[in-house]
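Reading through the structure tokens given below for one structure.
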Amino acid sequence: MMKPDLNSPLPQSPQLQAFGSRSSDLATEDLFLKKLEAISQTAPNETVKNEFLNKEIPSINKLFTRFLKNRKKVIDWDKINPPPADMVLNYKDLPAITEQRTSELASKLAVLKLNGGLGTTMGCTGPKSVIEVRSEKTFLDLSVQQIKEMNERYNIKVPLVLMNSFNTHQETGKIIQKYKYSDVKIHSFNQSRFPRILKDNLMPVPDKLFGSDSEWYPPGHGDVFFALQNSGLLETLINEGKEYLFISNVDNLGAVVDFNILEAMDKNKVEYIMEVTNKTRADVKGGTLIQYEGKAKLLEIAQVPSSKVEEFKSIKKFKIFNTNNIWVNLKAMDRILKQNLLDDMDIIINPKVADGKNIIQLEIAAGAAIEFFNNARGVNVPRSRFLPVKSTSDLFIVQSNLYSLEKGVLVMNKNRPFTTVPLVKLGDNFKKVSDYQARIKGIPDILELDQLTVSGDITFGPNMVLKGTVIIVANHGSRIDIPEGSEFENKVVSGNLHCGAL
């Protein structure tokens, strides 16, 4: 199919004109739009072409135009304040909910898991949600089991909603067939697919709608509001009598439904709740909840002026961070979407190198929506509600005796003398799940572990015990094989050691 002349005017169709206010860089904006329209001409059929023209192009162009308008705009640091006491509820102060009230609220709830990520950072192919994390169960298995247990206990039907990306949608559709007899209703939808943008000239990277997947990206989990509306599921959930949606990352094993939080939301007519928790040294880069011009606002490190980054990382000033566990009133979401208020969500500019090209991705975060909802609040929750598995170091912790699995929920071992989780850093030799499994013959007893650092060519024997601070380093070209039953407490191990040497 011939490509249109990029210098010719665009068709005067409503879907290509209704993009709202223009930026000052009209030439760039117009050329970007023409490039998108040219991409649409490569669609395999009219249905796909019209879908891209009517839904994707307006969304892409709206985000790009706002980026052009605001790219030189910086946050006014002097207007940033810690959230006042009444903006962040303390979880410990929330009244306990009765069993009858729990059943009432559960009937109004839907649960959404953000399922767009791949397992590539852990050396796996396909959706990250199918990695086995505990007792041969995957992230998705645990999510389904939790909802199944809740539905049976309260005799209700809370649905599970999965927001996939173009990277995970097709395979997820096949995987969820295994749950068709589980009595858990699963809705699955695909979030948007935006073109990566060349950093030097701000033009789309792809020239075909279905060329290389590496030329496209999902525009962040903030797309959940728009994608839920575009899929028709927002309307479906409201029509089914659902009033509340609990959103979380599928890899956060601590993000289970908590009816004390939902009761506080319902009782106080709160439209949006962001769960936050106290920062540790490991969380200094996490987004934080602030008060800005009298409103609740999410502040991400990418928005912070370079001169203020160290201040942002300070635990003294910014004591909490966003867990990305979010509770939303569905009717309020529907209202603000129809009012186009979320079109002003903050844009995160994510620079990358892809296929040797310097590119940028324009992304939005689900937490950035907080400032557009009425009576929005944070809830400072226990650390146990933030248990993400981003690496094999995290996998090491959740597979250990630090936790047990009860009805799909990870519960910390009562014999752990501290409430904190140990800091574990496994080196590059453990980065892939396959290498991690080959090198660790059995997860050690870590009930009394504070910190573990492992670097180099190392293998763990079964039935080990680690306590306090343990550092194990194999020098370059050397190897350490730790024998079965070894016990280390506040110990540094280095050099070149083999089985039986310790």
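Keep in mind that glycine also has a Cβ here, set from the backbone N, Cα and C atoms.
Database features, via Swiss-Prot:
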type	residues	note
REGION	1-20	region 'Disordered'
COMPBIAS	9-20	compositional bias 'Polar residues'
BINDING	Leu114, Asn115, Gly116, Gly117, Lys128, Gln191, Gly220, Asp251, Lys390	UTP binding site
BINDING	Gly116, Gly117, His221, Asn249, Val250, Asp251	substrate binding site
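Annotated features, which come from Swiss-Prot, shown on the structure.
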residue : record                 : DSSP class
Leu114  : UTP binding site       : strand
Lys128  : UTP binding site       : helix
Gly220  : UTP binding site       : coil
Asn249  : substrate binding site : strand
Lys390  : UTP binding site       : coil
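Taking Cβ-Cβ distances under 8 Å and a sequence separation of 6 or more, the neighbours of Lys390 (UTP binding site) in its chain are Thr121, Asp251. When every Cα pair among Gly116, Gly117, His221, Asn249, Val250, Asp251 is compared, the largest distance found for this substrate site is 14 Å. Cβ-based neighbour count (10 Å, all protein chains) for His221 (substrate binding site) stands at 25. The binding-site residues Gly117, Gly220 differ in how many other CB atoms lie within 10 Å of their CB, and the one with the most is Gly220. Around Gly116 (UTP binding site), a 10 Å sphere centred on its CB holds 27 further CB atoms from the protein chains shown. When the binding-site residues Leu114, Gly116, Lys128 are screened for a Cα within 10 A of the Cα of His221 (substrate binding site), the ones that qualify are Leu114, Gly116. Under 8 Å, Cβ to Cβ, and six or more positions away along its own chain, Asn249 (substrate binding site) finds Lys113, Leu114, His221, Ala255, Asn324, Pro388.
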